[in-house]
Structure formats: C-alpha cells, structure tokens
C-alpha cells in the first residue's frame, strides 16, 4: 500500500522540470499551424470588408459614401479595447518585483493566440453561414474576439507567477471555448443584455481563474513569499496599466452597443461610475491604515471596479446618479475585498489569488449582473417609451412578448450560468493542469522571471526591507522605508 502511495505521489508530484525548450515551441507551432488550416477552411471577409461584396452592398442599399462602412463606426472603439487588452491588462500585471516580463509577455502570448481561436469559436456560434459553411469576420468580430480573450486574461491574473506558459496556453484554449458556449447561452438562448460583459467576461473569467487556482493550490507557496510583492518602480508600471484601463473602459462597455442613444448612454454611465469608484477606493484605503496612508494595491485595482459593475446595466436608463451609486458601492466593496476577503480566501478556502481578481472582476462582475437584472425588471414605458423598451432589450421576434419582469429574471439567470460554467470548467481545466507534463515552477521558484526568461543582471539588488507586500496582505505597520539606508562601501 505504501509503495502504491509513493508511486502516485511520484506521478502527480515529481521534481519540477521547468525546461520548456520542446513543449513551448511545439505548442506554439502546432497550434498556430492549426489556426492557419482552420482559417483557410472557415474564415472569410464579411460584406463590409470584402471588396466585391461591399460594392454589391453599396449598390443594393444605395450607399453613396464609403464612410457608411461599419469600420468607421466601430474601429475607434476597437482601438481602445485592443489597447486595454494588451497594454492595460499587460501592465496591470507587472506589479510583481521579479515577474514583470512574465506579466506583460505571457499576457501578449495568450492574447495573440486567444484572439485567433476566439474568431473561430465565436464565428461558429454567431457568424456561420449555413449555406456555405463559412464564417464572416469584420471589425465587430475583432472586438468580440478581444472580449473573449479578456476572460482568459482575467483568469491569468489569479494564476500569475504560479504556472508555465504552456499551462497558460491550455487555460486560454479551454477558456475561449467555454466563453463562446456560455456567451451563446446567455446572450442568445436566455436573451440577456450584457454589452460590457459584467456576466460573460468578468464574472466568468474571474471565477474560472479562481477555480483553477483552487485546484492548483500550493501549500508551500510561502517559500516564494520573498518575490510575491512589489517594489516602487513595479507599482508605477502597474499604475500605467490601471490608467489605460480606466480611461478606455467607457469604450470597452460601449464598443458593441447599438448605434445611437444606447452607445452614448453606455459611455456616459461607465465614465461616471469609474469616477465615483476612485473616490471611495481612496477613502477606504486611507481609513484602513492607522496613519491614513494609501495602499497602491487598492488604487491600482479597486478604482476600476465601477467600470466592471456597469458592464451590464450601462446601456439601460439607470440615470447618472444611479451610475454614481454603482461606482460608489463597488469601490467600497472591492477595497474591502482586498483588505479582508482575499486573506480569508487564501487562509480558509485555499485559493491563492495573485492579482486579487475576485475583488476586481469576479465579485463586481457578479454584482453588475444582478444590478442589470434589477434595473431591467424596473424598466417602465414612462421612462423608456414602448419603442425604447423594444430597442433597449431587443424585444423582437420570438422575444416580442417578453415583459421587463421576465427579462430581469433571465438576466439574473445569466449570472448563474456564467458562474456555473466558470466553476465546472475551471475545475476540469485545473485537474488537467495538475498533470506533471507542463513545466510549471517549483514552490520556491514562483513569481520569478528567471525560470522562463533571459533576465539581465540588476545593477543593484533589492533590499528585503524595501519590499512591498503583495496583493493579499498589508505592509508591516512598523516598517517605514525612511528607517533604512544603504551603506556605501
């Protein structure tokens, strides 16, 4: 019996081999070749990007100017969303003192792979022509692909520094697949409205990553505690990511909203909610420290919670003061999450959430979904007009007889679907990632770029006393940087 246990332990917990010279190139080459083949078989330009079809469309619809092409309406929003995906998310994850290459570099890798797979997965569900078997893509498809990738990047935040790039490719492969299915169920079958993705992106991506992190729990992760934190310059780089996300979040939430008042209103509501969450985050962060000092962890993350929570309800008539209330509350809730919920989750639930995605994405996304359900159920003809209700909630076709109360119920059901897909899918993916074939780092080598990157030598070492704490704990109350000096030899 003891020999069997030793064999099992040896299979699932062998000595870590982080040499990915074969596995990473193999995965990248094979999967990219697969993308080329699948694109060749399925992907074609849509009517507004194919020259022949565009000329036919202009003639048929009496379009006199190329400015009517959807590209000119959607591309500014696409640019903003694309910057958020690769610069915003990438730099937000550079806060770790020795894992900035991995934060921004692996974000780049899985983003580039994920958007290709997303064009296929979402195309099969939303843009497949049954007569030709082809998928038509245009600028709106590019935006939706970026949205799809965002969920996997959010999941990466919970796993930051603890997994190999090969594992991240697997997380993205399954994450994009699960996203496409749950999005189709929520938006098409349940007919929920979720333009900014509180449910389908943030709630799903957050709990997907947290579940994987739970399955991959490392009881000896404290061996890398010296690296699980920030230094002054790494927090500054992370703040760059925060500012890009904060500035462009109105574009993120409104990018695929219908032209007209809905898109306009979505940008306004998101803009207002984001501003409100900044003030409440600063207030709670200062109040929680005995000398009133601000914690950069809170400022980098909780200030964005208003944008996450407004993702579903932003296109509804929530009113400007309603948007302020949403930002006000989520800024408080997110900051309290970093103060109390994350330490609780790590200690008692065995969930090691490196970036605190539960507080920035999962919890605000879930709240945003339920806020959307309440606002939808409370909609009236007096506020929207009958035509406005039809346009806002798309009460047409087989959904023409749906009431706002029923719509609110389905909106709430959409949140549950997102969480269910995240938890079940995350558990399965986590079990796959536990196989000893992925080249993941040992417990004492987590959060260290040197495992997977060629790292130049530092001119100066990092003094242990100047290390900032991580996104799970506070700084030691009795340590002040001014108490220490470096002696020159």
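Quick reminder: no glycine exception, Cβ is built from N, Cα and C everywhere.
Source: prediction; values computed, not measured.
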Can you say which of 170-190, 443-463 is given as transmembrane segment in Swiss-Prot?
170-190
Membrane-side pairing of residue 127 with residue 358, Swiss-Prot annotation:
no
Looking at 62, 483, which is the one Swiss-Prot tags with N-linked glycosylation site?
62
Would you kindly check 141-161, 170-190, 267-287, 299-319, 413-433 and say which stretch has the most C-beta pairs under 8 angstroms to the transmembrane segment (196-216)?
413-433
Give me the mean pLDDT over the topological domain 'Extracellular' (257-266), rounded to a whole number.
94
Maximum Cβ pairs under 8 Å to the transmembrane segment (76-96) - stretch from the list 170-190, 236-256, 267-287, 299-319, 360-380:
236-256
Distant-in-sequence neighbours of the topological domain 'Extracellular' (43-75), which means Cβ under 8 A and at least six residues beyond its ends:
119-120, 123, 127, 134-141, 143, 255, 259
Restricting to the same chain and to residues at least six past its boundaries, which positions have a Cβ under 8 Å from a Cβ of the topological domain 'Cytoplasmic' (162-169)?
18, 20, 23-24, 27-28, 31, 106, 109-110, 113, 156, 213, 216, 218, 221, 352, 354, 433, 438-441, 446-447, 452
I want to check the contact list for residue 62 (N-linked glycosylation site): same chain, sequence separation of six or more, C-beta distance under 8 angstroms. What comes out?
none
